[in-house]
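Remarks on the structure that follows.
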Amino acid sequence: MESVVDVDKIWKALGVWKPYQIFQLAYIYVGTIPVAYPVLSWVFVGIPSLGYTPPYRCKTLNQNLSVYDIGIHGNLSDFHVEYDKCDLTIRPSNLTPDEYRNMGPKKFDCLDGYYFDHNEGETVTMEWNLVCGNAGLGGLSTTMVLLGMCLGATIFTTLADRYGRKTVAVYTHLALLGFQLALAFMPNLPSFAAVRLVLGALQQGLSLSTYVLIIEMFPMEWRGYLAFVECIVWAFCVFTLVAFAWFLRMFTWRYLQIALALVSFHALFGYWILDESLRWLIANQRTEEAIKIIRKAARWNGRDPMEALKILDNKNDEKSELSKNTIDETPDDHLSCSQTLSQEISINKMDEDNESSKKTLRPPRYSFFDILKNKILLRNSIILCYTWVVNGGTYYGLFLTSGSLKVGSRFMNFFINTLVEIPGSILFYLVIDRLGRKYTSIIFHGAAAISLITSVALLKVSEGDDTAAIASVIFSYLGKLAIGSSFMTIFMYTPELFPTNLRNACSGIGSAAGRLGGVVSSYSGVLMQYAIWAPGVLFGSSCLIATFLQFFLPETAGYILPQTIEEMEIWAKEQSYFRPYKKKKGFDKEKGNQEKPDAELTNLTQ
């Protein structure tokens, strides 16, 4: 059997946190700033947020009524016209021609569009009249982005595995620059939505390829830490969006869109700055290119490249051929939409899988139908799919409705909604191994449910009561903190609940469910115009149901994860679902599960 090169040993020989890695990491993080823009920029360029959409009414008619083809002829001055938000009423007057003198009041949609009384720049909502009967069309734009993200996860992860992480990262970033600029010049809503579909796909291509570049550039023991750093980077990405939106608030949305696009200007030079993944080059037998990167890294880091080159040349590595089952060492194991999430989680357990695989045969292969035939797997899948829908809908919904909070400006509310993710990430990092996956998820979902329902209750009684209004906003922020932390938890928890050869597929099913929740959330702003409390009740009650459902899932922390369905059944029967998590005697946090995925999951919350 041909052995595999231990790439982690190469990086250790070259030095881990040295100038080469720091420079590459810094450039990658700068390059990922635009990943927050395709979905969340809609809050500022177009969303009709209740309380922040400026007052509007039907625009005053300035032509004879016969022009409007409404069955009424005559001069406009011969009739009384009353203008409302979404319709106008025409009544006869003393000057009305005899044929219309006995006509009763007639209502029509706004015949000349809408007048917006605003003191800030024009948004998409104002330019294309996305109010009243057209309000739902705004949500369609965000739906297109989320559908594009699913397409991008399918297409670009496969291309990254075939043609390289750098190649996909560079070209998707260049395309993102071009399409972000193009979006600023779209003449109508259909073309605007079509470009946003492409932007969603490109966002996933850039986000996933750069994240894999990062975790493949560091040894396994650093990947959990890098996942935590990803939380901070994501928050910074969103902060930049708020900053641009605030500084350009007096200008039309097109100027904001151009500014967001120009953040990617450095992508023009990315091909000469960014290096390909050393792990990918070695896995694809591109040895000469790998040697060049090793020599370059050694030169930057002040190290002798010979030790790393000897490891590269070692054909008697201790790892068995079974390690080729890992995603980054099998050139033909291309990523699909159903594999995207599990790739990021499973990279961290690569070395531990290899140790286990020395003692076992390759696990049997399963299909989707095996999930349907096994009641334990089916139960886990149904509960997790529901949880993913809830998390996706609540997370994005709270962002998209942040402009409706009664206290503070939409800029400040959006900023704080982002800021709370930092303490949420720290809290997640501190409790995930102490409480276990299951009870961490239960606590975060329960906290989100209680916070959001309390926020709605306070909102209902806050008329004229500033204290209640402030308390409502605070509980909304607490709900955002909790749902963000729960998102990180289920990213880690999901792949641990399935046998080895169903892990990727089931993680992907969860990803698709999360996108579905995001699609639903894109209409939460419209729902608020009919009932301001409705999204909060929907999100809070959904989180409450998810809290109770997760009691029926097994704990995974501290257990050797099953490789087969049979092992899964035995393992599940040994657990008491309603018993609090206790670490097994002798449990080593550093070793933990033999297939324990670390928390490298954060960028898919974006």
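Backbone N, Cα and C atoms are what each Cβ position is placed from, and that goes for glycine too.
Predicted automatically and left uncurated, TrEMBL annotations should be read as such.
The feature transmembrane segment is assigned by TrEMBL to 26-47 (among others).
Across the domain 'Major facilitator superfamily (MFS) profile' (70-558), the prediction's mean pLDDT works out to 79. The domain 'Major facilitator superfamily (MFS) profile' annotation in TrEMBL covers 70-558.
Listed by sequence, the residues of this chain that lie at least six past the ends of the transmembrane segment (135-156) yet keep a Cβ under 8 A from its Cβ atoms are 38-39, 42, 46-48, 124-125, 128, 168, 172, 189, 192-194, 196-205, 208-209, 336-337, 340, 400, 511-512, 515, 518-519, 522-523, 525-526, 529. Taken from TrEMBL, the feature transmembrane segment covers 135-156 (among others).
According to TrEMBL, the feature transmembrane segment maps to 168-187 (among others).
Per TrEMBL, the feature transmembrane segment maps to 226-248 (among others).
Under 8 Å from some Cβ of the transmembrane segment (254-274) lie the Cβ atoms of residues 24, 27-28, 30-31, 33-34, 37, 41, 44-45, 121, 166, 169-170, 173-174, 176-177, 180-181, 183-185, 213, 240-241, 244-245, 248, all in the same chain and six or more residues away from its ends. Annotation source TrEMBL lists transmembrane segment at 254-274 (among others).
Long-range contacts of the transmembrane segment (376-399) within the same chain: residues 39-40, 43, 370, 414, 417, 441, 445, 448, 452, 476, 479-480, 483-484, 486-487, 490, 493-494, 497-498, 502, 506, 509-511, 513-518, 520-522, 524, 535, 539, 542-543, 545-546, 549-550, 552-553, 565, 568-569, 572, 605, each at least 6 residues beyond the stretch ends and with a Cβ under 8 Å from a Cβ of the stretch. Sequence annotations record features per position, and here TrEMBL assigns transmembrane segment to 376-399 (among others).
According to TrEMBL, the transmembrane segment annotation covers 411-430 (among others).
Marked as transmembrane segment by TrEMBL: 442-462 (among others).
Positions annotated as transmembrane segment by TrEMBL: 468-493 (among others).
Beyond the transmembrane segment (530-553), the same-chain residues lying 6 or more positions past its ends with a Cβ under 8 Å from any Cβ of the stretch are 50, 379-380, 383-384, 386-387, 389-391, 393-394, 397-398, 401, 404, 438, 441-442, 445-446, 448-453, 455-456, 459-460, 476, 479, 483, 493, 497, 524, 577-578. According to TrEMBL, the feature transmembrane segment maps to 530-553 (among others).
The region 'Disordered' annotation in TrEMBL covers 586-606.
Taken from TrEMBL, the feature compositional bias 'Basic and acidic residues' covers 587-599.
Taking residue pairs at least 6 apart in sequence, the transmembrane segment (411-430) and the transmembrane segment (168-187) share fewer than three C-beta contacts under 8 angstroms.
Long-range Cβ contacts of the transmembrane segment (442-462) within its own chain (Cβ-Cβ under 8 Å, at least 6 residues beyond either end) map to 387, 390, 394, 406, 428, 431, 435, 468-469, 471-473, 475-476, 478-479, 482-483, 485-486, 489, 532-533, 536-537, 539-541, 543-544, 546-547, 550-551.
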